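The structure under discussion appears below in the form of structure tokens.
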Amino acid sequence: MTSYKELGLVNTVELFKKAVKGGYALPAYNFNNMEQMQAIIQASVETKSPVILQVSAGARKYANQNLLRNMAKGAVEYAHELGYDIPIVLHLDHGDSFELCKDCIETGFSSVMIDGSHLPYDENVALTKKVCEFAHSQKDYVTVEGELGVLAGVEDDVSSEHSNYTQPEEVQDFVGKTKVDSLAISIGTSHGRTKFKPEQCTRGPNGILIPPPLRFDILAEIEKRLPGFPIVLHGSSSVPQEYVEIVEKFGGKLTDSVGIPEEQLRQAAKSAVCKINVDSDGRLAMTAIIRKVFAEKPDEFDPRKYLGPARDELKKLYAHKNVNVLGSAGQA
Ligand code: G3H
Ligand code: 13P
Ligand code: ZN
């Protein structure tokens, strides 16, 4: 049994309180390897931003949970060495069972998500409540994120007739019964690099796809029912077209890539949305640079020579987000 405090980590309680009050959102960046973690910490220290390091079930499988947990401990020391102690949260992303959440809680995670959003409402309540009871009864309080409403995937229909958007009339009951510390909602974001089908978008100049706007009306309705309660947005990559173009220029194929415009995320961050999840943009940035290095230097075979530039680009991207999109810069 390891408490997150022993690793130098913090939970989200105070960070979310400050973020909701201050009108900004914390970055929640996924990591699976050392370069991603270095980029996240470098960007967060440089911009003096608190940060949430996210580990998915897939990341645990890929990289080994003990290594990732110890990397988070290392991240705290690394930030210190870089010259600024920032608050760091280690968070389980999309936990799908009580057992997985329990295991993370017992091995040093300071925050977990239990994603029961695909379950019938009552089962989602029961599972989320069970995780909260366990997490909150630890010697060091572990925070829990729940989810209501299903994020659309590219296969799903996000039109209002067949909406899986969060139903505002359910949120008070869900939060009251489960005692979650934050709630992920569905207002039009989705996971991956193709957040909308082309036919759901309009075409801008040069044929650029313009996605339908987020449902700020639903967000406002939720805020009215749960004033000041921490809200989370998943699937919030912006899918920068510069990266898509670099990938395609150097042999990749990323047809129909479209993300959430930065201005809309900025607007959301000013509300009770206090955690914004980004993974796909980091994947795009790294892939773009690695493809470029391979194309321009075909004789290069030292991984540091392509992972290093990819890491530098990732750091630049995350610093930009902290400053210009989330507003978390200067809040550590
Ligand atoms: O929301 C999902 C994240 O992007 C993590 O993706 O499950 O492939 O690690 P992953
Ligand atoms: P993106 O696919 O938009 O980066 O979303 C990541 C996410 O929600 C992780 O939980
Ligand atoms: Zn997600």
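Glycine too: its Cβ is placed from the backbone N, Cα and C atoms.
Note that the structure is a prediction, hence the values are computed from the model and not measured.
Some features that TrEMBL has for this protein:
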ACT_SITE  Asp93  active site, proton donor
BINDING   His94, His191, His234  Zn(2+) 1 binding site
BINDING   Asp115, Glu147  Zn(2+) 2 binding site
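Positions of the features from TrEMBL, shown on the structure.
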{"residue": "Asp93", "record": "active site, proton donor", "DSSP (3 states)": "strand"}
{"residue": "Asp115", "record": "Zn(2+) 2 binding site", "DSSP (3 states)": "coil"}
{"residue": "Glu147", "record": "Zn(2+) 2 binding site", "DSSP (3 states)": "strand"}
{"residue": "His191", "record": "Zn(2+) 1 binding site", "DSSP (3 states)": "coil"}
{"residue": "His234", "record": "Zn(2+) 1 binding site", "DSSP (3 states)": "coil"}
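Cα of His191 (Zn(2+) 1 binding site) to Cα of Asp93 (active site, proton donor): a span of 13 Å. Cβ neighbour count for His94 (Zn(2+) 1 binding site): 21 (other Cβ atoms within 10 Å of its Cβ, all protein chains included).
Across the fold, the C-alpha of the residue listed as 'active site, proton donor' and the C-alpha of Asp115 (Zn(2+) 2 binding site) stand 8 Å from each other.
Here His234 (Zn(2+) 1 binding site) is positioned 11 angstrom away from Asp115 (Zn(2+) 2 binding site), judged by their C-alpha atoms. Each of Asp93, Asp115, Leu151, Ala184, Gly235, Asn277 belongs to the same chain as His94, His191, His234, is absent from that list, and has a C-beta within 8 angstroms of the C-beta centroid marking the Zn(2+) 1 site. In this structure the alpha carbons, written CA, of His234 (Zn(2+) 1 binding site) and Glu147 (Zn(2+) 2 binding site) are 10 Å apart. Cα separation, His94 (Zn(2+) 1 binding site) to Glu147 (Zn(2+) 2 binding site), rounded: 9 Å. The 6 Å Cβ screen around ligand 1 retains His191 from the binding-site residues Asp115, Glu147, His191, ordered by sequence position.
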